[in-house]
Amino acid sequence: MLNEFPIFDYEDIQLIPNKCVIKSRAEADTSVTLGNHTFKLPVVPANMQTILDENVAEQLAKGGYFYIMHRFDEAGRIPFIKRMHDQGLIASISVGVKDYEYDFVRQLKADAPEYITIDIAHGHADSVISMIQHIKKELPDTFVIAGNVGTPEAVRELENAGADATKVGIGPGKVCITKVKTGFGTGGWQLAALRWCAKAARKPIIADGGIRTHGDIAKSIRFGASMIMIGSLFAGHIESPGKTIEVDGEQFKEYYGSASQYQKGAYKNVEGKRILLPAKGHLQDTLTEMEQDLQSAISYAGGRQVADLKHVDYVIVKNSIWNGDASH
């Protein structure tokens with residue numbers, strides 16, 4: 001029962017160091033395998049319209065990073081798969097659960113993507129289970145990620161239906177207001193929810209939402225994530241698709257949630273909001289910094305690779321990791 005677990009979030013946790021066994025952090029290996037492919041980092045930019053487009057997806061794939069293309073340009077998905085495969089790159093797309101998506105999946109038989117993510121806000125649903133089974137029947141070699149969920153029961157059901165990985169997180173993201181609009185979600189206890197779900201999982205878990213710092217990547221791995229989906233930290237780059245807006249001489253990029261009025265059109269029910277982020281530099285600079293910070297984390301863990309982070313001790317320090325840092 002959940003009540004037996006301590007409830008905490010990223011800012012409540014500090015990992016405890018072990019003796020370092022490498023001469024330099026550069027020796028630490030940050031790569032991770034998901035399905036039949038190995039990627040440079042255990043992170044994936046959120047499959048949102050303001051985070052990536054086809055060009056960013058291509059840049060990520062060429063660089064050896066995992067990506068998931070969003071599902072908001074439905075007609076462009078088959079040409080996108082062809083574009084990626086023509087270059088010898090992996091194709092990784094998203095689908096919903098509407099009736100027409102069943103026909104779409106059948107159309108993929110001629111050129112199946114390596115990864116499909118079934119992407120709906122409340123993934124513990126009969127509609128998702130049915131779509132997992134359909135994809136597995138039509139495209140048995142495609143790696144299926146299903147979500148989003150927030151309970152061990154959901155993880156087990158989706159895995160049993162055939163999902164190869166589950167995505168955990170209901171509304172913890174910076175531009176997600178599901179928790180406010182509905183009263184439901186993992187906002188404020190996403191890391192504890194990840195731990196709870198990971199204990200039940202037999203297959204990889206992708207932690208989705210609530211990441212505010214690079215240290216949160218290491219914490220996610222400690223509590224059971226194989227891959228971490230990140231939105232706001234990847235938003236606002238020069239390559240990001242969001243509009244660039246100038247305010248008082250400063251450049252900002254817009255960033256909005258996947259069920260916001262900006263993405264859905266003004267009159268649909270919304271569970272996302274729009275914010276402006278100061279424009280950042282190049283995406284590759286952020287990826288490199290993430291890699292270096294994760295290498296440092298692995299060295300603090302006394303390890304050589306990502307999996308070594310799973311075994312470190314931790315303490316719960318209620319909301320105090322910013323103590324003594326006046327800038328937060």
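The first residue you see is number 1, and the count goes up from there.
Backbone N, Cα and C atoms are what each Cβ position is placed from, and that goes for glycine too.
Marked as active site, thioimidate intermediate by Swiss-Prot on the basis of sequence analysis: CYS176. Following the DSSP three-state reduction, the secondary structure of CYS176 (active site, thioimidate intermediate) is strand.
The feature NADP(+) binding site is assigned by Swiss-Prot to 205-228. Shown in sequence order, LEU191, LEU194, ARG195, ALA198 are the residues of the chain, 6+ apart in sequence, with a C-beta less than 8 angstroms from the C-beta of PHE223 (NADP(+) binding site).
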Inset, instruction - Can you see whether DSSP assigns SER220 (NADP(+) binding site) to helix, strand or coil? - result: helix
Legend entry - Secondary-structure category, per DSSP, in which ILE211 (NADP(+) binding site) falls: coil
Legend entry - Between CYS176 (active site, thioimidate intermediate) and HIS214 (NADP(+) binding site): CA-CA distance (Å): 20
